[in-house]
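Quick look at what Swiss-Prot lists:
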type	residues	note
BINDING	Lys282, Asp287, Asp305, Glu366	Mn(2+) 2 binding site
BINDING	Asp287, Asp364, Glu366	Mn(2+) 1 binding site
ACT_SITE	Lys294	active site
ACT_SITE	Arg368	active site
Amino acid sequence: MEFSTKALDLSKAGQNGFLATKTDCLVVGLFEGQSLAGVAKALDVATKGLVARLVKQGDFEGKRGTQLMLHEVAGVGAARVLLVGLGKEADFNDKAFAEAVRTATRALGGTRAASALWCLVQQPPQQRDVAWAIITTITLVREAGYRLLERHPELKRAPRGAGANEKASLRKIVLAVDVGDAKAASQAAVRGTAIANGMELTRDLGNLPSNICTPTYLANTARGIAKRHKLKVEILGRKQIEALNMGAFLAVTKGSVEPPQFIVLRYDGASAKQAPVVLVGKGITFDTGGISLKPGEGMDEMKYDMCGAASVLGTIQAVAEMGLKQNVIAVVPTCENMPSGIATKPGDVVTSMSGQTIEILNTDAEGRLILCDALTYVERFKPAAVIDVATLTGACIIALGHVNSGLYARSDALADQLLGAGRKAMDTAWRLPLDDDYQDQLKSNFADMANIGGRPAGSVTAACFLARYTEKYDWAHLDIAGTAWKSGAAKGATGRPVPLLTQFLMDRAA
């Protein structure tokens, strides 16, 4: 879908102004119980009081979540006019704005409209600007229009006659802004499109079946990103991983015939003097649990155990598309976790790249094993900050459900930056404790530590395990087990936390 911006002069709204624009649909927002203003007022004047009459007669009151589609309206160039309720202006917050965007998108999806002049972004919530409104609009509209089978048609044979009676899909949206916002709006459209592209890549990688999206597939995806955006890429295979003494990572790979990959993708957007932000993504392309085998029911969803990897690849692609003035490195350890005659067994002791030994009490706590070696590896970059992203624990889902990602950080400053970015991007996280007292649960009689700490505070002890490998830099951990994908009728990857991560990086580059 193509997005562009157009500056409006409300003083020229009539026959020769923006309302004369030829388009399939004009989208206009109305507040509940307010006098008409802005575009709504201009539309009312051009249509000789039509909008005011609709409000007065009770046909459309501007209530939140409502819409009214009008056809062949005299005085405008659009084939349709869509009125969207914004609710009461005093209550118009981020969620109300998002609801208006989703309401308009659904309404347009029920028509044959292929283009729209979208006049909602001039009315951002308080504390937000037009750039925020544009980025939010683009990501939400693209999110609603995402279909894996359209992006990967090889996965399903089209039925006979497919497409003969299908409605035209929305292909072009022009986002109308005030003249004074034109420059900021243009940059925001580029950024919103980049974030949406990154989210779609992340969703694709998560949704693809594990016989397609293998560690090698992820490595080739990274190569493709590097080629398209002129990034530096390095892919390490098993022999190189062995040479680095990544014993924890290698322990997870033992049961699978799929070769492990260690991906390093580098975007140099700023001076070489700027220390990079490093994003580390867990890339378990299928997780059976290994010898500590998971129950069969729902195991198909373990293809989503690489969503951390998918999200850091989506994020660095978005950053490159934006041309952000920030150095960013994406690091992805990726493999399968499978049972076999040579797989790692409960009770085995391995030596990580850091030299610390680990008693593997549960082979289904494998994400932290591949991450700990990656977190040791990234010390060489002398990073400004490291953020690891992982579908790490079911315990995080029990704690936070499917609304907030779990956030752990030693530094209050880094935690606050990530939490603020999440709120702004409507991709929220909740900070959980990282107290040293929890470390006692990881004690082992046979190694420096165990890889699990028992049932209590399972997400916390997983983060505490990772913390032992991050003492040389500023670090945060995002547990996205509850937010990376949805189950049920709407099953599929969400693209989170790409919005949070990209907003965090945009804020740092500002």
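Including glycine, each Cβ sits where the backbone N, Cα and C put it.
Structural mapping of features recorded in Swiss-Prot.
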| residue | record | CB count, 10 Å |
| --- | --- | --- |
| Lys282 | Mn(2+) 2 binding site | 29 |
| Asp287 | Mn(2+) 2 binding site | 26 |
| Lys294 | active site | 14 |
| Asp305 | Mn(2+) 2 binding site | 27 |
| Asp364 | Mn(2+) 1 binding site | 19 |
| Glu366 | Mn(2+) 2 binding site | 29 |
| Arg368 | active site | 27 |
Report summary line: The correct three-state DSSP answer for Asp305 (Mn(2+) 2 binding site) is helix
Query raised in the report: Taking the Cα atoms as reference points, how far is Arg368 (active site) from Lys282 (Mn(2+) 2 binding site) in Å?
Result: 8
Requested in this report: Around the recorded Mn(2+) 1 site, report the further residues of that chain (criterion: Cβ within 8 Å of the mean position of the Cβ atoms of Asp287, Asp364, Glu366; site residues excluded), sequence-ordered.
Outcome: Val252, Ile284, Thr288, Gly289, Gly290, Ser292, Lys294, Met302, Asp305, Asn337, Thr363, Ala365, Gly367
Query raised in the report: How many Å lie between the Cα of Asp305 (Mn(2+) 2 binding site) and the Cα of Lys294 (active site)?
Result: 13
**Report entry** Glu366 (Mn(2+) 2 binding site) in three-state DSSP notation
**Finding:** coil
Report task. Could you say whether, by DSSP, Asp287 (Mn(2+) 2 binding site) belongs to a helix, a strand or a coil region? Result -> strand
Query raised in the report: Other than Lys282, Asp287, Asp305, Glu366, which residues of the chain come within 8 Å of the Mn(2+) 2 site, judged by Cβ distance to the Cβ centroid of those residues?
Result: Val252, Gly283, Ile284, Met302, Met306, Asn337, Gly367, Ile370, Ala390, Thr391
Report summary line: Listed in sequence order, the binding-site residues within 10 angstroms (C-alpha to C-alpha) of Lys294 (active site) out of Asp287, Asp364, Glu366 are Asp287, Asp364
Requested in this report: May I ask for the distance between Asp287 (Mn(2+) 2 binding site) and Asp364 (Mn(2+) 1 binding site), taken between their Cα atoms and rounded to an integer number of Å?
Outcome: 8
Query raised in the report: Just the number: how many Å between the Cα atoms of Asp364 (Mn(2+) 1 binding site) and Lys282 (Mn(2+) 2 binding site)?
Result: 14
